[in-house]
Amino acid sequence: MRDNTEALLNTTTHSSSEDEHNYYYENCPGCKINQQKSLNPHFPLNHLFFLWVVTLCAALPISSLFPFLYFMIRDLHIAEREEDIGYYAGFIGSSFMFGRALTSVLWGMLADRYGRKPVIIFGAVSVVIFNTLFGLSTSFWMALSMRFLLGSLCGILGPMRAYAAEVCRKEHQALGMSVISTSWGVGLVIGPAIGGYFAQPAEKYPSLFSEKSLFGRFPYFLPCLLISLFALFVSIISCWLPETLHIHHEDKKEQGGAADGLEVVVCESDVDGVIHSKKTLPSAKQSLLRNCPLMSAILVYCVFQLHDMAYSEIFSLWANSPRAIGGLSYTSADVGEVLAFSGLGLLIFQLFLYPVVERSFGPIMVSRIGAAVTIPLLSSYPFIAMLSGISLLMVLNCASVVKNVLSVAISTGLFLLQNRAVPSEQRGAANGISMSAMSFFKALGPAGGGAIFSWAQKRQNASFLPGSQMVFFILNAVEFIGLLMTLKPFLVLPSTDFS
């Protein structure tokens, strides 16, 4: 019986979506996943469930603080004037991404060496610990350090992006990446909704929480605790997460090894709006940085992520600030309500519409269209602030839904390009590079956005783009740069599709 099993595992099979032969090795978790894919042409619903909840766990704490960060900085008494609150808020917002920028490559390398599963479990546990401590912060420096440690130790997203590409057949990879992007996008809007509804509970729900209770003394602890409890649930169910890393205890020459699998890509021009890689040469494993398709997709992705993170910071500050200085005078609960509605619209679009749109137009065109539509949309925000009542609520909700849908559509398309540019054994490291670069740009987003917002609030009477008009003009300038970078000669397509 054992001989038959080994013969089956070592049989060469041909997949309809690939032009190369697959060899299955006994006791290799990655080969077991590949075998399941070859035998099951349907959607891997159980794997997609794991993708959804684990990615949501990583996304929720990132922006959950934005609705109450304005009030948290005020209560920590670090800012001397109200106009300076945005400046200090930017540092808190950036500390998470700065920590992640320093460690993402390391987590990617560890995921490629020891597996996706251990990195994911460790990241979920780090959310439980450091997100809870952030909610208990009693000083600016404690809050800053807890966010930095949370970003440094939560290396979930890079391995999950590799995981999504590895558990889905090629024809389902757009859906797999869409699940990642949807969960990530929903987390980035549901997180702030949780922060908005549950921050300062003693003020909002005095019948349930007294001023002398734990949640009265630590007004920003409740939303952090709720997210940490969800992360605890994720860390437990991750113990049943299937591993996808290939572990072949065979002769290195027979296997070829990961070092023989990487290719150096020499770029040559084409005429379809992007550059296609033309020649491939064998090289060492460390030449990922010379992979033109991968690095160009990462660079474009980073520019859009810089814009999105700055927008997330600015939107909450703008909504919370008084109308006298161009804001909406919203409470944290009002901001949470807007973002919750955005999350619902985003969920519907990504799960049901994005895979169809991606198949029709391709990931690059989807990203271009999303960037082009975002620019006039953001230009309308200063004029939305002139509305009031139900008209303000309706228009702002619609604008927020469209903005978040466009942002996640852009990110999903660039996710696909990155994963299709590298073989599976290097996706952890490749996504680690992507996460480090993206996190560095995202760290600039809140700090730069907060500083620009504070500066713009002080020039309400300027003749050229006064107040918030300057803020959204600068956001549009960044988005326009990203749009240009999706065109020739910046973006490079791989000649070999590794999906």
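Glycine residues also receive a Cβ, built from the backbone N, Cα and C atoms like all the rest.
TrEMBL: automatically predicted annotations, no manual curation.
Taken from TrEMBL, the feature domain 'Major facilitator superfamily (MFS) profile' covers 47-494.
Annotation source TrEMBL lists transmembrane segment at 49-73 (among others).
Annotated transmembrane segment per TrEMBL: 85-107 (among others), in sequence order. Within the chain carrying the transmembrane segment (85-107), a Cβ under 8 angstroms from the stretch's Cβ atoms is held by residues 61-62, 65-66, 69-70, 72-74, 78-79, 119, 123, 140, 143-145, 147-155, 158-159, 309, 313, 317, 429, 432-440, 442-451, 453-454, 457, all 6 or more beyond its ends.
Here TrEMBL flags 119-144 (among others) as transmembrane segment.
Residues or ranges marked as transmembrane segment by TrEMBL: 179-200 (among others). Within the same chain, residues 48, 51-53, 55-56, 58-68, 71, 157, 160-161, 164, 219-220, 222-223, 226-227, 312, 316, 331-337, 339-340, 342-343, 346-347, 350-351, 354, 404, 407-409, 411-412, 415 sit at least 6 positions outside the transmembrane segment (179-200) and bring their C-beta atoms closer than 8 Å to a C-beta of that stretch.
Proximity of distant same-chain residues to the transmembrane segment (220-241), defined by a Cβ-Cβ separation under 8 Å and at least 6 residues beyond the stretch ends, is recorded for 50, 53-54, 56-57, 60-61, 64-65, 68, 72, 116-117, 120-121, 124-125, 127-129, 131-132, 134-137, 191, 194-195, 197-201, 209, 214. Positions annotated as transmembrane segment by TrEMBL: 220-241 (among others).
Taken from TrEMBL, the feature transmembrane segment covers 338-357 (among others).
Sequence annotations record features per position, and here TrEMBL assigns transmembrane segment to 369-395 (among others). Same-chain residues lying 6+ beyond the ends of the transmembrane segment (369-395) with a Cβ under 8 Å from its Cβ atoms: 304, 311, 318, 323, 326-328, 361, 402-403, 406-407, 409-410, 413, 467-469, 472-473, 475-476, 479-480, 482-483, 486.
Taken from TrEMBL, the feature transmembrane segment applies to 401-417 (among others).
Remote same-chain partners of the transmembrane segment (437-456), defined as residues 6 or more beyond its termini with a Cβ less than 8 Å from a stretch Cβ, comprise 83-101, 104, 151, 298-299, 301-303, 305-314, 317-318, 326, 467-468, 470-471, 474. According to TrEMBL, the feature transmembrane segment maps to 437-456 (among others).
Taken from TrEMBL, the feature transmembrane segment covers 468-487 (among others).
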List, by number or range, the same-chain residues at least 6 past the transmembrane segment (401-417) whose CB is under 8 A from its CB atoms?
161, 173-174, 177-178, 180-182, 184-185, 188-189, 293, 297, 300-301, 304-305, 308, 311, 341-343, 345-346, 349-350, 354, 357-358, 362-364, 366-367, 370-371, 373-374, 377-378, 482, 491, 493, 499
